[in-house]
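Copied over from TrEMBL, here are the features:
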type	residues	note
TRANSMEM	A:6-24	transmembrane segment
DOMAIN	A:7-454	domain 'NADP transhydrogenase beta-like'
TRANSMEM	A:33-50	transmembrane segment
TRANSMEM	A:56-74	transmembrane segment
TRANSMEM	A:86-104	transmembrane segment
TRANSMEM	A:116-138	transmembrane segment
TRANSMEM	A:159-177	transmembrane segment
TRANSMEM	A:183-203	transmembrane segment
TRANSMEM	A:210-230	transmembrane segment
TRANSMEM	A:236-253	transmembrane segment
Amino acid sequence: MNDYLLEASYFAASILFIMGLKALCSPVSARRGMLYAELGMLLAIVGTLLKNEIVSYEWIIVGIMLGSLIGGLLARLMPMTAMPQLVAISHAFGALAATLVGVVKFEEHVATNIDSWLMTVLGIEVLFGSLTITGSLIAFIKLQELITGAPITYRFQNIINLILFIGALGLFGFLLVNPATSVVFYLMLGAGLLIGVLLVLPIGGADMPVVLALLNSYAGLASAATGFAINNDVLIIAGALNAASGFFLAMIMSKAMNRSFTNVLFGAVGAKPGELHAQAQAKTVTRYTPEDVEFLLSSAQSVIIIPGYGMAVAQAQHPVQELGDLLMHQGIKVRYAIHPVAGRMPGHMNVLLAEANVSYDLLFEPDQINDEFSETDVVLVIGANDVINPAARYKKDSPLYGMPILDADKAHSVVILKRSLGSGFAGEDNELFYAKNTLMVFGDAKTTLNSLVQLLKHKEMALARK
Amino acid sequence: MNLQLFEMIYILALAGFLGFEVIRRVPPLLHTPLMSATNAISGISLVGSLVAAGSNKGTLSTVLGFIAVTSATINVVGGFLVTDRMLKMFKRKEEKPQ
């Protein structure tokens, strides 16, 4: 009877997970959906705890309490700008759990007998699990800027990776024939850990959205393989959902950056070195001040704001919101245009703006808003670069060529807030900076925006006094 | 190939397709919450970890199981809490300003 109860709890959990994800189709139902998913998780856990196999609970209780404490603290304390890091470190923990379950399962059966299909799933579980652990940790370290976010490359990188990859597969193949060889099993685990490191080290910060989505997918595959190993359907279903979501997001992100999907699948993302620099010298830009911008904005009828990673770095989402609100107060139409790869994970900008209380019906995707730029008076670009580079449209030798961009250059005036004249991640100079209708304002985005907000407020007060 | 394995592949494929169809409808606006939600759900390996930690099959299983339970719980609790924290922030404009 207990078995039926357990299966029923897993069945209900699976349905609840799917309902939970379905509710994410709209911000209105999303929170309720997460409640379903949480309930599903609770059911699966309680069901499992009632299992006959489980005889002692001390370590389980301590583990759950410790994990809840750490997880709770992480979720509370991490700022929204650090969301990509949090997701990365969370992947690492999930993958660690899946890998350890694989190891335990292997150790349990190594003395008696491992048939080759159990070995197949254990191998997949441990390989995907281990490379997700280290891959996510490296992603975390890079995103947190504990080491440089730029691509780290060295000689013979591809060859070394290929050898390692084939080596790991060779070890896996050996295990399929001789499943009970502990040494080879742990060598394979080690190879997986190493692959994770080498896979993510060469990837630059701007490519992180794809990598995070891929790691998401791998973590799901590891969970699903765990389900195969311990013969558990809810693990397979939850793992498949996770893998599908990661795969889907990786696909969208690679499309938004105009990279081929095969590139992404094999993790071959990263900036091509050697293409940086040296184009910007001869041209001149004119520097403008916040006063100039304030004048321009006040006389506008419609404004589109384009936030980029620079806004996240400067933590400038709050002054952006304040500025937007002030402009709307003056009767100016304000909208936000958000490119899919702005930021370090899919949808990161949306979350940052939401944090600053920008209502989500003001946020638009490129497809929805690109036609409107030509009728817009001022476009305000905050720390974005590649996503507005017109070279993507026509310059065939540009690394950006073919990438869908926001048509900021079609607006009557373009204001670009930037720290310096440096090029974006793609290393491609941006002709928009030198255009006649472009105003470049250099400096920290937050400082500039704050002075803009002050100027607008003064003006409003002056008007009110009259 | 045994029948059980076939059945599991069946479930994997169906869940994968269903997941893909459901997730395809999630607007880009919610892609970050989607990622952290599926991340939390992948902490379902907790279920396997519980068995490893609690079935008294030797010290190694218990120790590794304990570590697995702890890290899977971090994944689940952290993932769901932060997803909720994000979703709470998404607000619609209450009134159109003049």
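A Cβ is built for glycine as well, from the same backbone N, Cα and C atoms used for every other residue.
All TrEMBL annotations are machine predictions without curation.
Beyond its flanks by at least six residues, the transmembrane segment (A:33-50) meets 2, 5-6, 8-10, 12-17, 19-24, 57, 60, 234 of its own chain at Cβ-Cβ distances under 8 Å. Within the chain carrying the transmembrane segment (A:6-24), a Cβ under 8 angstroms from the stretch's Cβ atoms is held by residues 30, 32-41, 43-44, 46-48, 50-51, 232-234, 237-238, 241, 245, all 6 or more beyond its ends. Listed stretches A:86-104, A:159-177, A:183-203, A:210-230 were compared with the transmembrane segment (A:116-138); the greatest number of C-beta pairs under 8 angstroms is found for A:183-203.
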